[in-house]
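Asker: Submitted below is the structure of interest, expressed as structure tokens.
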Amino acid sequence: MEVQSSNNNGGGDHSSFSSLRVYLNSLSATPSRLSRRAVSVSTSADEMSRVRAVPGEEMRRTLRWYDLIGLGIGGMVGAGVFVTTGRASRLFAGPSIVVSYAIAGICALLSAFCYTEFAVHLPVAGGAFSYIRVTFGEFPAFFTGANLIMEYVMSNAAVSRSFTAYLGTAFGISTAKWRFVVSGLPKGFNEIDPVAAVVVVAITVIICCGTRESSKVNMIMTAFHIAFILFVVVMGFVKGDSKNLSVPSNPEHPSGFFPFGAAGVFNGAAMVYLSYIGYDAVSTMAEEVKYPEKDIPVGVSGSVAIVTVLYCLMAVSMSMLLPYDLIDAEAPFSAAFRGSNGWEWVTKVVGIGASFGILTSLLVAMLGQARYMCVIGRSRVVPFCFSKIHPKTCTPVNASTFLGIFTAALALFTDLNVLLNLVSIGTLFVFYMVANALIFRRYVPLQPTKPWTTLSFLALFSTTSLVFTLIWKLMPEGKPKAFMLGASAVVAIAMVLIFQCVVPQASKPELWGVPFMPWTPCVSIFLNIFLLGSLDAPSYGRFGGFSGLIVLVYLLYGVHASSDAEANGSFGLEDRQVLKELTEVV
């Protein structure tokens, strides 16, 4: 029996939170509400009209394709490339790191295609949350969206602390002088970084002023950053030696362009792929794009393509500067010039350039995280106040301010190593979910009667991809490993071929669609699972911990708030019809 109250809640008279007694009674109705709301799907029409108009004010459509390219480049070319390049080259790929970047760029482009199709046909600010909500339902959308927001907050806090380190490099000041230690706090949380907190607060103010204004600031900083990258590339070719592309400094180490073979190239690709994370934030700008069907494909795919070229050039430049076994895994570019007569000034330029890159990636990521929170607020599974759009700036000020303060607090107290152990897995998981959602949406009718064929295919293909990944990571080298890898690949390809021949597409996009269906999203699914297999145990520990917290929040708040919204008539006719059908099935 549903619990109702006479308290106003978004225009209706049903609230599960009007008093403690009512809330406790509502908790007893959790199973029935969960069975009805957890897989309740929204429709594209609702997301575009009714849900978007819920807060009253709407975001202003001011962005064009060149803004999206600038935001995409700014979001991707951050601090990651200055760390992952050296580590991947030194430990895994050697000079063939350029091939690793090309492979990772192709992976990113495949995921970007999946995002683009959704963004063109559903140009709202919710990004992956909205895409999964119209495909798999409310709880899967909340699970992925909330995990991604936490991923954004953690990574932004980590990146802002690294800004202090690079700024110190630029001015020749030790990082320790920018920070101070509080002895009463536990280790990992006792090194206070006021510069990082100030940077986060300043960017929060910028993104609250307006999206167009934020884009202009990003364009200026990105232009400086690209100029710096080109400078590093030129300096690498001028000072570098092509002999370093094949000859290590120590003759006992493996030599050649591929010193660690194919395995090294792919392991390197798994590591440097994290340098491409950031393009997904562009899809959250879709609600503010003037011509989504034209601008989004160019903006998202164009930014990934440009960044891939820049990364490959940087990789070649770094490999020419030093033999791979002398590259500094932590600071490859600045360390390459440190100690060289007459070239010390380049180290400071690297610090300045990296600082610009960090600021642009922070700006784009914080724009994206606020829009995720805004749209989740529209769905009522988090407090509705986060969905409010400021009437003058047309930006989600409440969401931006809340997440900005949260990020600044983490950046102020939390050590970089603690934060880095909490980053990455959520983003790859969301990419994986979006690729699955695209296949489901293409091959299952809008009102599915028999979705089990497609769901079974997705489950079996993911399982086969996981088996391939485990064999790659755990089995020792040899013929048995090669045979099992080949067998897994053949099974996966056969699955896709059979699915393509047996199951017809239920719908085809009218404006822009991912080419070579279902192969493109299937390759994206496989690669994301493969890259997930490269992450360490602390990452999975974080994922499990936050996943449990997200489920708890949904059970204690989200499902009851969205049930209230349903009772108050905040959901449209289509949603209620779907809910009725799902209830009958249950």
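Heads up, residue numbers simply count up from 1 along the chain you see.
Glycine residues also receive a Cβ, built from the backbone N, Cα and C atoms like all the rest.
Because TrEMBL annotations are produced automatically, they should be read as predictions rather than curated entries.
Not measured: the values here are computed from a predicted model.
Annotations for this protein, taken from TrEMBL, read as follows:
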- 512-562: domain 'Cationic amino acid transporter C-terminal' (DOMAIN)
- 65-85: transmembrane segment (TRANSMEM)
- 97-118: transmembrane segment (TRANSMEM)
- 162-180: transmembrane segment (TRANSMEM)
- 192-210: transmembrane segment (TRANSMEM)
- 298-322: transmembrane segment (TRANSMEM)
- 349-372: transmembrane segment (TRANSMEM)
- 393-413: transmembrane segment (TRANSMEM)
- 419-440: transmembrane segment (TRANSMEM)
- 452-475: transmembrane segment (TRANSMEM)
- 481-499: transmembrane segment (TRANSMEM)
- 511-533: transmembrane segment (TRANSMEM)
- 539-557: transmembrane segment (TRANSMEM)
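Describe each of these features in terms of where it is and what it packs against.
Answerer: On the 0 to 100 pLDDT scale, the model's mean across the domain 'Cationic amino acid transporter C-terminal' (512-562) is 86.
Remote same-chain residues near the transmembrane segment (97-118) are listed as 85, 88-89, 127-128, 130-131, 265-266, 268-273, 275-276, 279-280, 283, 296-297, 300-301, 304-305, 307-308, 311-312, 315-316, 318-319, 324, 431, 434-435, 437-438, 509, 512-515, 520-521, 523-524, 527-528, 531 (criterion: CB distance under 8 Å, separation of at least six residues from the stretch ends).
If one looks beyond the transmembrane segment (349-372) by at least 6 residues along the same chain, the residues whose Cβ comes under 8 Å of a Cβ in the stretch are 71-82, 125-129, 145, 148-149, 152-153, 155-156, 159-160, 162-163, 166-171, 199-200, 203-204, 206-207, 211, 214, 217-218, 221-222, 224-225, 228-229, 231-232, 278, 280-282, 284-285, 287, 333-334, 337, 395-396, 399-400, 403-404, 407.
Residues 57-60, 125, 149, 152-154, 156-158, 160-161, 185, 189-190, 192-194, 196-197, 199-201, 203-204, 207-211, 366, 369-371, 373-374, 377, 385-387, 419 of the same chain lie 6+ residues outside the transmembrane segment (393-413) yet bring a C-beta within less than 8 angstroms of a C-beta in it.
Long-range contacts of the transmembrane segment (452-475) within its own chain (CB-CB distance under 8 A, at least 6 residues past either end) are made by residues 436, 439-440, 443-444, 481, 484-485, 488-489, 491-492, 495-496, 499, 502-503, 522, 525-526, 529-530, 532-534.
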Asker: Select the range from 162-180, 192-210, 298-322, 481-499, 539-557 that forms the most Cβ-Cβ pairs under 8 Å with the transmembrane segment (511-533).
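Answerer: Comparing 162-180, 192-210, 298-322, 481-499, 539-557 against the transmembrane segment (511-533), the winner is 481-499.
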Asker: What else in the chain is close to the transmembrane segment (481-499), if you only count residues 6 or more beyond its ends and a Cβ gap under 8 Å?
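Answerer: Apart from its flanks, the transmembrane segment (481-499) reaches 457, 460-461, 464-465, 467-468, 471-472, 475, 518-519, 522, 526.
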Asker: So which of 162-180, 298-322, 539-557 has the most C-beta pairs under 8 Å when paired with the transmembrane segment (192-210)?
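Answerer: Highest pair count goes to 162-180.
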